[in-house]
Amino acid sequence: MLGKVHLLILLCTSPQVSAMGDKGTSNYSDMTDFILVGFRVRPELHILLFLLFLLVYTMILLGNVGMMVIIITDPRLNTPMYFFLGNLSFVDLFYSSVIAPKAMINFWSESKSISFAGCVTQLFLFALFIVTEGFLLAVMAYDRFIAICNPLLYTVQMSTHLCVQLVAGSYFFGCISSILQTSMTFTLSFCASRAIDHFYCDTRPLQRLSCSDLFILRMVSFTLSGLITLPTIIVIVISYLYIVSTVLKIPSTKGRQKAFSTCSSHLGVVSVLYGAIFFMYLTPDTYPELSKVASLCYTLLTPMLNPLIYSLRNKDVKEGLYKLLEKKSTIL
């Protein structure tokens with residue numbers, strides 16, 4: 001009995017175990033890594049792409065780390081809005097870090113390989129953080145709705161306990177979605193080819209390597225996308241319908257401009273992220289290079305733009321940045 005238990009554990013934990021493929025196909029059982037094809041461009045352009053990735057990733061690091069430092073060090077930013085914004089910067093920083101370093105290494109590598117465990121980890125972490133970001137944006141829309149439509153009850157309704165619960169819930173749903181998506185993807189039976197036509201491990205290019213029937217996986221993925229995307233979009237849309245209705249009732253033009261300015265940054269972030277995601281997933285599989293370009297928008301462009309949008313459009317953040325720079329200059 002004990003021997004059977006050990007055998008079952010070994011089978012379940014082995015990264016090479018996959019669902020039974022069709023007869024006559026070559027299984028992935030004797031392979032230990034994948035190859036990330038990346039961008040199909042001339043080799044001399046790899047240097048240019050490396051420099052571009054390096055520039056964007058440096059801006060992501062500086063922007064998001066800087067945003068978190070400003071929010072933590074400035075007591076005036078100790079509010080629910082900036083608590084959510086700090087978590088958004090944290091998520092942006094980490095899911096771009098899951099993608100960018102490996103992509104930059106592959107520009108110089110001839111093998112362009114990624115281990116099975118590395119591919120699983122990359123897909124899991126990216127799915128976790130990108131779903132968490134979607135929920136955080138919905139939470140931030142709800143926060144703006146309470147702040148503008150019920151300002152007198154804002155501190156009561158958006159308590160510290162509720163804010164922590166909302167953020168924890170965002171990470172929880174991101175984790176559940178990521179576990180389901182990753183486990184179903186890597187229980188597929190892969191054919192002899194191990195070349196992933198992408199610059200990171202993503203579900204769609206991995207499915208193209210599979211010999212298994214993808215009907216169940218695609219149905220589960222479609223259901224998960226609906227359960228994640230629709231509620232978050234509904235919360236955002238309904239929140240802004242109430243916000244617009246309330247703002248239009250404000251008699252002074254200055255008051256309306258101030259109310260809209262607190263929402264414009266969030267709307268810009270939502271538009272960039274969801275626009276890029278919809279564009280990618282509506283792109284047919286017959287255009288993989290177009291999918292890669294669309295992926296760049298939400299893997300690197302969005303994390304780079306988010307801190308810029310919030311810092312340029314937010315007076316409190318700019319003042320916090322000036323104070324932080326003044327402190328550093330006095331120390332030096």
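Keep in mind that glycine also has a Cβ here, set from the backbone N, Cα and C atoms.
Annotations in TrEMBL come from automatic prediction, not curation.
Features reported for this protein in TrEMBL:
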SIGNAL    1-19  signal peptide
TRANSMEM  45-70  transmembrane segment
DOMAIN    63-310  domain 'G-protein coupled receptors family 1 profile'
TRANSMEM  82-100  transmembrane segment
TRANSMEM  120-142  transmembrane segment
TRANSMEM  162-180  transmembrane segment
TRANSMEM  215-243  transmembrane segment
TRANSMEM  263-281  transmembrane segment
TRANSMEM  293-312  transmembrane segment
Do the transmembrane segment (263-281) and the transmembrane segment (45-70) come together with 3 or more C-beta pairs under 8 Å, pairs six or more apart in sequence?
no
Are there at least 3 C-beta pairs under 8 angstroms linking the transmembrane segment (120-142) and the transmembrane segment (215-243), leaving out pairs fewer than 6 apart in sequence?
yes
Leading stretch by Cβ pairs under 8 Å, where the reference is the transmembrane segment (82-100) and the options are 45-70, 120-142, 162-180, 293-312
120-142
Long-range CB partners for the transmembrane segment (45-70) (under 8 A, at least six residues beyond its ends), listed in sequence order, are 39, 77, 85-86, 89-90, 92-93, 96, 100-101, 103-104, 107-108, 300-301, 303-304, 306-308, 310-311, 317, 320-321, 324
